[in-house]
Amino acid sequence: MIDSKNFRCALHYELGRSFSLSILRLNIPRFSVVALVCGILGLLLNDSNADAAPEICEGLSLLQHRGQDACGIITCGPGGRFYQCKANGMIRDIFDANSISRLIGGMGVGHVRYPTAGSFNNAEAQPFYVNSPYGIVFAHNGNLINTSSLMEFMDQIAHRHINTASDSELLLNIFAYNLQQTGKFRINEEDIFTSIGGMMSQVKGAYACVAMLAGFGIIAFRDPNGIRPVGWGVRATASGKDYIVASESVVADAGGFTEWNDVNPGEAIIITRNGVSRRQIAAPATFAPDIFEYVYFARPDSVLDGISVYRSRMAMGDALADNVKKVLEEVNITIDVVIPVPDTSRVAALNLAQRLNLPYREGFVKNRYVGRTFIMPGQQMRKKNVRRKLNAMALEFANKNVLIVDDSIVRGTTSKEIVQMAKDVGAKKVIVASCAPPIRYPNVYGIDMPSRKELVAHGRDEEHIAEAIGADLVIFQTLPDLIESVRQLNPAIGSFDCSVFSGEYVTGGVDEAYLQHLESLRADNIRGKALNLDLNALDNKDVNGSSRGNSTGANTPVNGSDTVGLHNSWNTN
C-alpha cells in the first residue's frame, strides 16, 4: 500500500524536476478502461498530394454526439510518416487552423471518445499507434469482455507492452502481434485478412474498428455480432475515387460520398488507392446490432444496417401512443399537451401526439452549448447541467396535464429534474412516457451505464420509478413493440442486442463476477480516485500550483509529453 501523503510529495518533486507524469511509472495498480460508445472515421483520398485532415475534422464534428470527452486525428503523409493531434476536449477546442495544418497526408483516421472510467490523460485519447510491425494506427468503438485473459496473452506470449489501461490499445496490439507473425518484409491483403481472423478468434465483445497501415491503406472490421455500427462509402473525383469509413452514414452524406455499405458482422474490408477488398472473416453468429443506437445514440439522419434512425423513432412514437392510450384510459387521466425532451425524443413525440390527436408543443428550450448530460462524467455534474441545458416555458405547462416524452430513462437524474421543472412552472399533472422499456441491467458492450444501483428502474416497478423521479405516472414502451419498431424497417435483421432491458447478453461470457468487476470501474468512482489524488488538476499545473494556461481546460502538457509514440501537434506553437 502506498502512503498517499508521501506519494503527493514525491509527485510534486518529480514535477519540479520537469519529469513527465506517468501513472504506470509510479507503479499504481492497473485498471481497465473500456472504449465505450465512440465515433470512428477513416478517410483515403485518391489524390495523395491532398490533405485529408480538414475533411476528417469536419466528419468528426458530425460524430461529436457520440463522444465529447476526447478526440484525435492521425494522418499518413509522404514516406508513410504519421502526423498526430489528439487531446481531451471537443473538436472545436482541439482542432484549429494551426493544428490541422500540421496534419499532412492524403489518408487518416479520426476518433471522438465518450467519457471512460479512469481516463486521466491524453495518452488514452484515440487513435492509438504502434510502430511495429509496419506502423499501425487504430480507432475502436465498443468494449471487450475478456480483457483479463488478453492481458495475460500480451504479457506471457506476445511480449508486447500496453502503455495505457484501454482495451482499445489492447485490441490494436493483438492485431499487430498477429500481423507480425507473418515475418514478412512486406505484407499483402491476404496477410491482413488472416491477421484479423486470428484476432477475431481471440477477442470477445463489441468492436467496430478502423485502422491505417503506413503507406498501405485503410482497414475496417466489425465484431461477429455486429453490435456497434460502421460502414463505408465512395466518392468519384476527376482523378479517381475517395473512400470513407465512419460510424454513421451521415458523415458520408455530408461529404458527398455515395454507395454507403455497412460493414457486415465479422467482415473486414481493406481500402487502398487500387480499390476495395471485402472478406467474411468470422464464422456466422447471431446478428444483433445494439437497439439503443436507434433509441438514443445515433443521429436521426443516419441509416444504420439499412434502418433509418428517423423512421425507427417515428415507429417508436406510434407504438408508444397505443400503450399510452391504454394506460391513460385505465387510470382515467386526460392529457392536455404532449411535450418532448429535446432533441432525441422529438420525432417519436410528434408521431405520438398525431396518433392520439393531441396538441404537440415545444415546452423546453435547449441550450445547445451544454453537452449531452447522459454521457457527462459524474452524477453531480449531470444533475447540475440539466437546468443549464433546458429551460421550461411556463405558458406551455401552467394548469395543464402534461405528457412528457423522452427517449429513455436511465439514471433518472435528468427525468427527475425535468419533472420538477414542469411542476415549478405550474403543471397540474406530469406523466412521463419513455420510448424505451425500463433499463434494469448493465450494458457491457460500450454504453457507460454498467452500475445496476445507478439505474432508476433496477429493482423498481413502474409505480416506484414514478415516485423516484417525482412524476404522477410513468409509461414505458414494451420490449416487443420497441423491437418491432426497428425491425420492421429491415426484416432481414432477426434480433437486436437488448441486454439493458432483458439482461440477455448475445456474446455470452457475462456472469455476476464480470458485472461486479465492471461496476467497480465506474467513472464516478474511478476518475481521480487513485490514492485519492486528482491527477487531472495536478498534471495541468506547474510546481507552484499555477495553471499552465490551457484555455480549453484540456489536460495536456504544452509539449504533448503524455502522448504515446508520436509527436502531438495539439497546443504546439
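Keep in mind that glycine also has a Cβ here, set from the backbone N, Cα and C atoms.
All annotation found in TrEMBL is predicted automatically rather than curated by experts.
The active site, nucleophile annotation in TrEMBL covers CYS38. TrEMBL lists 38-274 with the feature domain 'Glutamine amidotransferase type-2'. What TrEMBL records for THR344, ASP406, ASP407 is Mg(2+) binding site. TrEMBL lists 542-573 with the feature region 'Disordered'. The compositional bias 'Polar residues' annotation in TrEMBL covers 543-573.
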Cβ neighbours of ASP406 (Mg(2+) binding site) where a neighbour is any other Cβ within 10 Å: 22
Any further residue of that chain within 8 Å (Cβ to the Cβ centroid of THR344, ASP406, ASP407) of the recorded Mg(2+) site: VAL295, TYR296, PRO340, VAL341, SER345, ALA348, VAL405, SER408, SER434, CYS435
Length of the line joining the Cα atoms of ASP406 (Mg(2+) binding site) and CYS38 (active site, nucleophile), in Å: 22
Those residues of the chain, 6+ apart, with a Cβ under 8 Å from that of ASP407 (Mg(2+) binding site): VAL295, TYR296, ARG313, VAL341, THR344, SER345, ALA348, SER434, CYS435, ALA436
List of residues, in chain order, with Cβ under 8 A from that of CYS38 (active site, nucleophile) and at least 6 apart: ARG66, GLY67, HIS111, VAL112, ARG113, TYR114, GLN126, ALA139, HIS140, ASN141, SER247, GLY446
Packing count at THR344 (Mg(2+) binding site) (other Cβ atoms within 10 Å of its Cβ): 24
